[in-house]
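Chemist: One structure coming up, written as structure tokens, with questions to follow.
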Amino acid sequence: MYQPEQYVVVLGFMIVSMVCWGSWANTLKLCPRFAFQLFYWDYTIGLMVGALFWGFTLGSSGASGLSFVEDLKQVQMSSILWAAAGGAVFNLANLLLVAAIDIAGMAVAFPIGIGLALVIGSVGGYVIAPVGNPYLAFGGVALVVAAIVCDALAYKARGTERSALQTRGIVISLVAGALMGTFYPLVTRSMTGRGHLPGPYAITFLFICGAFLSNIPVNFFFMKKPTGGGGALQMREYFAAKPAWHLYGVLGGVVWATGATASFVSSRAHSVGSAVSYSLGQGATMISAIWGIFVWKEFVGASTTARRYLVAMFVLFLLGLTALAASPTF
């Protein structure tokens, strides 16, 4: 398999992770009137496609470790269970995040949900595999927390939705973030310990298998009990959707799986570790806010106060991500 160790290359992988994780939700925006629960069936198919693609390409080339298939043959049951559990937790968290995007928009749901996930995931990852300068790493996390607060204040100052809807969007984002922050430590646990430790490409596949299988009961539940209100959804609505919408859903899954692969690969580099890899990848928050503000115009007509909070959010996120990126080298 291909496993980079030069920090410049590893940093490139982490940036790819950040861009992919911050951009995949655009595919949901391209499917107007397509309920996120229906979109998500295609999204999970895309996750599997992405995991298999990178497993049979980068995961089957290079001089490091075992090839993708050989790695899967030797994986221990404990690693399978930890990775699959991480996938199941991620699936529930991501469904809630997509629901929050549907209610509040990308510029709000991502910074609040993923920002909280960054804090929980980076702390958990560092406890399991402590790599990097802790002062820079956790100083960066603190700056990100401040950015989350600014984004929540900007959302409140926007004041374009009913108070009840504002509260629902923020609450769902927070629940999604709390769950999202726990999946990466579970995956990290699957790659640590004694005996044969699977490589990042095998772990990505096992993780996504957990997400794919758990999605069947969980998504059916969300179809019966939509978070945004309204009546239950039926599978016939999925099959009646435009073909392009199905393609966008698959594309969204492939993009996210690409980001996950890049993150897991970089976390295995000796100079980085899982805490820094995950934290920098969650710079996706800033990427998604850029999409939401400048492309989807989610804050058009917002007050001066809301705009000031957004500027503060970007500055704090940039400072926090810079500290996180520098932590492995000091």
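Placed from the backbone N, Cα and C atoms, the Cβ positions cover glycine too.
Quick paste of what TrEMBL says about this protein:
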TRANSMEM  6-26  transmembrane segment
TRANSMEM  38-59  transmembrane segment
TRANSMEM  79-101  transmembrane segment
TRANSMEM  108-129  transmembrane segment
TRANSMEM  135-155  transmembrane segment
TRANSMEM  167-187  transmembrane segment
TRANSMEM  199-223  transmembrane segment
TRANSMEM  244-264  transmembrane segment
TRANSMEM  276-296  transmembrane segment
TRANSMEM  308-327  transmembrane segment
Chemist: Within the same chain, where does the transmembrane segment (199-223) have neighbours whose Cβ lies under 8 angstroms from its own Cβ atoms, ignoring anything closer than 6 residues to its ends? I mean 6 or more beyond.
Modeler: 1, 3, 35, 37-38, 40-41, 44, 47-48, 50-52, 54-55, 58-59, 64-66, 68, 71-72, 75, 79-80, 83-88, 90-92, 94-95, 99, 187, 190-191, 232-234, 257, 260-261, 264-265, 267-268
Chemist: In terms of Cβ proximity under 8 Å, which residues at least six beyond the ends of the transmembrane segment (244-264) contact it?
Modeler: 13-14, 16-21, 23-28, 30-31, 34, 39-51, 53-54, 58, 187, 191, 200-201, 203-204, 207-208, 277-278, 281, 284
Chemist: As a test: from 135-155, 167-187, 276-296, pick the stretch that has the greatest number of Cβ pairs under 8 Å with the transmembrane segment (79-101).
Modeler: 167-187
Chemist: Should the transmembrane segment (6-26) and the transmembrane segment (167-187) be scored as in contact, given a threshold of at least 3 Cβ pairs under 8 Å and pairs 6 or more apart?
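Modeler: Between the transmembrane segment (167-187) and the transmembrane segment (6-26), which are separate recorded stretches, there is no contact, as judged by 3 or more close Cβ pairs.
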Chemist: Quick check: do the transmembrane segment (167-187) and the transmembrane segment (108-129) share at least 3 Cβ pairs under 8 Å, counting only pairs 6+ apart in sequence?
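Modeler: Yes; at least 3 Cβ pairs under 8 Å.
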Chemist: Within the same chain, where does the transmembrane segment (108-129) have neighbours whose Cβ lies under 8 angstroms from its own Cβ atoms, ignoring anything closer than 6 residues to its ends? I mean 6 or more beyond.
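Modeler: Sequence-distant neighbours of the transmembrane segment (108-129): 21-22, 25, 93, 96-97, 100-101, 137-138, 141, 144-145, 147-148, 151-152, 154-155, 169-170, 172-174, 176-185, 188-189, 192, 267, 273-279, 282, 284-286, 288-289, 292, 298, 313, 317, 324.
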